[in-house]
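This report refers to the structure that appears directly beneath it.
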Amino acid sequence: MKQQSFDFYAKTVTPAIISVDYIRRVVQETRLVALRYRTKPIDRTVYAEEDMLKNKSSCLRFFTIFNSSSTEPGLAKSLSISQLVPLIFLLGVFFAIVAKFFNYIRKSIYKEQKNIDSSFDAGGKVSTGLTATTLVSQWTWAATLLQSSAVAAKYGISGPFWYASGACIQFLLFAMISVQLKVRAPGAKTFLQVIRARFGSKTHLVFCVFALLTNIIVTAMLMLGGAAIMTNLVDGLSIELATMLVVAVIWTFTHIGGLGATFYVSYFNTATIFIITIAFLVHVYHTSNAAAVGSMKKVYDRIVCSKAPEGNKDSSFLTLVSRPGLMFGIINIVGNFGTVFVDQSYWQSSVAAKPKNGVWGFLSGGLVWFAVPFTFATTMGLAYISMSVENGRPLLTESEVNDGLVPAVVAQRLLGARGELLILILVLMAVTSTGSAEVVAVSSILIYDVYCLYWKPYRLVHDANSCILCGRARGRAATKKDKCICISMTFCAHCKADDERRNENKKRALKAEYQCTTHGSFRKYNDYLEYLKDWSMLWVSLAILPLTLILKATSISLGWLYLFMGILIGSAVLPITLCMFWPRLTGIGMVTGALSGTLSALIVWLSVSSITDNGLSDFFNSTAEELPMLCGNITSIAVSCIVTIIVSLITNRYYTNGNDQEIWENTRDIDNPLSPWVELYARELDIRGVHELDKRPSLQVVTSTFKQAKIIAMIGAICLTLIFIIIWPGSMASAGILDFSQFRGWIVSCEIWGVLAAIFIIVMPFVSEAIEIKHKLREKNMVAIDVKIEPKVKRKVKVRNVSDSVVHKESVTDQDVCVVRVDNQDERHSSDSNLTEEHQEIL
C-alpha cells in the first residue's frame, strides 16, 4: 500500500499533463486511497470495489465510493403469493387442455387406443419437429437458464459458450444411438430392456439403479433451481408450497396425456422460452434506457473495465482463453453425457419416433438447444457484470450467484415487476416440461423393468424369444411341434369385436370382459398396467416434495449438484453405449466398469478436495472447486471405459463373429404381441404377413432399410461435435481478447442464432404435425380394404395332449379355438381361422 501511495504521489507531481480532466481523476484517486486507509476489510462474499475493476485510466469514471447510490447485494421480493397462485393455476388449466387436445387428435384422427405402450411411446410415429421441440424443452432445465448465467457472470463469454457446446454434443451423438436402438431393438420401450435381453437380471438391476439415480439428480436440480427463483421473487412463499404448486401442474397434464401430452406441452413451453429470451436480448443490447445496458457499446465499456477471475487472459471477461472456463467446460461435457445417455426420458423420445425422424430430431434439437444457454446466458450474464460495475459493487453475493439468481436480479433491475414475472414464467416452463418427462421416465422403468419383470409378470418365460401369450418359442428357436402360431391383436377379428362391445358401454363403470381367447387375458393385464401407471405417476410426482426438502435442508446448491452429477453417473455412459454397438461386451464388464468408475471418481474427488486450503472441513466449498470436480468427473468416465473394455475382452475371449447374429436377435425379440414393432415399420420395410408374430424381417433387411438414417447420424454428429468443441473454441482462442468490433460480432451471432432457432422451433413442429394430420385425414377418406380375419364355421381338428401323448378330437366353435393340454394345464390360444398347412400339421 505504501508503494501504491508513492506511485500515486509521483504521478500527481508530473507536470506534463495538467488538465481539468486529469485533476478530476486525481481527486477521485485521492478519495479512493483515503478510503483504503480508513476502511476495514470487506467481506469477500461481497467483493471490494477495487477487486471488481481494472486500474486503468479509462476506467476511473466507474470507481465510485460505497455510499447510498450503491445498492446492497441481494434480490428484492416484490411479487406476492396472490399473484403466483393464479398464474400457476392458469398454466395448469392450459396444459390440461393441451393434453386433452392431444388425446382427441390421437383418438379421432389416428384411431389409436389408449394403452400402456402409447402412454410411454406416444404411438411411435412422432414427427421430426415435435421430436426436436420436445428434446429442446426436456433439455432446458432450470439449470440451463440459471447456471449458464451464473458461469457467464463468473467467467465471461467463455461460460455460456462452454455450457452450450458442452451440453449440446450429447444430443448430437445420441442421434447415432437412437437409430441403433431402432434397428437392433425396435420393440424396446426402455434401454434397460436391451440390457436385460443381452445380459440377464443381475446386470439389468445394477443399471436400473443408475437410471433411477440419474432421474433423481435431474429432478433435484430442477427443483433446486426452480424453488430458489420462486422463493426469492415471491414474498412469503415457502419452499414447500412452491414445490407443491409445481408438482400439481406436472402431474395434471402428465396424468391426462402421458408422454404424448408432454410433446404438445413442450411445444408451447419451448416457444415461450425463446420469445422471452429474445425479449431480454433486445432490451439489453438495443432498447433499454438504463445506464449500464441498452447498447452493445455500454455493455462493452463496462465489461472491459471489470476484472475477471485469475486464469482468464489478462483478467478479461471477453476471451475464451480462460482456465476456469475450460475446466468448467470439461466437467460440463462429462457430466451431461450421464444425464442424457443414462436418463430414460431421452430414450423415450427416441422410442416415440421412427429412425429417420429420430435422427433429424436429435440433430436439429441439439442445434436449436445450443441457442438457449448461448443467447440467454450471454445476455443476462454480461448484463449482470455491466450493471455490477455501474452499481459500484456486485448485485449478488457469491452464494447467491451459485444459487442461480443472476437472471432474476438482472430482470428485476431492468424491468421491475414485469421482469420478475417473465423470469418466473421462464423457470416454470423449464421445470414443468422437464419434470413431466422425468416423471414419465421413472414410471416407465417401474412398470416395464420392475413390475412386469420381477414383481408380477404376466407369464414367466425362459427368454425373450418365447411368446408371452402362449409360452411357445418363436422363429429360430422353435421346433416344428412347439411353435408359436399367435397373431397380432390388430388383425384379430375377436379383438375387434371386443373393442366394439366395450365401446358401446363406454359410459358404464364396468366394461364388458374381453372374450378373445388369444389376447383377452393379456389385454386385461395391460389395462391393469395402465391403472398402475396412473398411480405410479402420482407417487413419483409426490416424491419430488420430500426430495426437494432434503436437498434444501442439506444446503446443497444448484452449482455444486450440477458439477457433482458426472462423478456419480458418468461411469454408466460407456457401458450403455457399448451395449448398443459392441457384440463382445459382457454383463460382468458392464457392471465392474460402471461401479469401479463411480468408486474411483469419489475417491479421487475427495482426495483432491482434501489438499485444498480448507480441506474437507469446509466440505461443500472445498469439493465444489474446479480442480476436484474436474479430476472426479474425468476419473469416472476414464476408469469405466478402461475397465469395461478390458474385463469384457478377458471374460469373452472365446467370442467369434458368428455369435453376432444371435446376440442381436435376442434384443429384436423384445416386443409387445398386442402391437408388434413389425406393424409399425411395415410400410418402410415393405413386408407382408405382419399379423403373424412369428414372422419378422431379418436384421440385415432392417439395417439396409435404415442405412441412410445411420449415415446421416454419424456424419452429422461427428462433424458438429468437432466444430463445437475443437474448431470453434480453437479459432476464438487464437483471437485472444475481443475488441469492440469482435464483441459486436459475437453478440450479433448470438442474436442471429437465437432468432433462427426460435423461428425453426415454432414453425417446424406446427407444419410437420399439420402435414401428418392432413395425410391421416386423407387416408380416412379413401376406401380401405378391411384386412380382419374372419372366423370359419365349426370343424374337426386334432388336439394333442403333450403329457401323455393321447390324441383327442374336439369340435371347434366359430371362435376357432384350439385346446392344448400341457402338463395337465389348459393353455387356450386362438389360431388363424384360415389355417395354413403348417398350422394344420402342428395341430
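Sequential numbering from 1, following the chain as shown.
Cβ atoms here come from the backbone N, Cα and C positions, even for glycine.
Whatever TrEMBL says is automated annotation, not expert-curated.
Copied over from TrEMBL, here are the features:
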type	residues	note
TRANSMEM	84-102	transmembrane segment
TRANSMEM	161-183	transmembrane segment
TRANSMEM	204-229	transmembrane segment
TRANSMEM	267-286	transmembrane segment
TRANSMEM	326-347	transmembrane segment
TRANSMEM	359-385	transmembrane segment
TRANSMEM	421-448	transmembrane segment
TRANSMEM	535-554	transmembrane segment
TRANSMEM	560-581	transmembrane segment
TRANSMEM	588-607	transmembrane segment
TRANSMEM	627-650	transmembrane segment
TRANSMEM	743-767	transmembrane segment
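Counted over residue pairs separated by six or more positions, the transmembrane segment (84-102) shares at least 3 Cβ pairs under 8 angstroms with the transmembrane segment (421-448), which defines the two as touching. The transmembrane segment (421-448) and the transmembrane segment (627-650) are not in contact, since fewer than 3 Cβ pairs between them lie under 8 Å (pairs 6 or more apart in sequence).
Per-stretch counts of Cβ pairs under 8 Å to the transmembrane segment (326-347) identify 204-229 as the leading one among 204-229, 359-385, 535-554, 588-607.
Beyond the transmembrane segment (359-385), the same-chain residues lying 6 or more positions past its ends with a Cβ under 8 Å from any Cβ of the stretch are 126, 128-136, 139-140, 144-145, 148-153, 156-157, 159-161, 163-165, 167-172, 174-175, 178-179, 273-274, 277-278, 280-281, 284-285, 292-293, 299, 302-303, 306, 317, 349-350, 353, 395-396, 406-407, 409-411, 414, 709-710, 712-713, 716-717, 720, 724, 746-747, 750-751, 753-754, 756-758, 760-761, 764. Away from its own ends, the transmembrane segment (204-229) comes close to residues 141-143, 145-147, 191-192, 195-196, 239, 242-243, 246, 338-339, 342-345, 403-405, 408, 423-424, 427-428, 430-431, 434-435, 438, 441-442, 445, 449-450, 453, 544, 547-548, 551-552, 556-558, 561-562, 565, 568-569, 572, 575-576, 590-591, 594-595 of its chain (Cβ-Cβ under 8 Å, at least six residues beyond either end).
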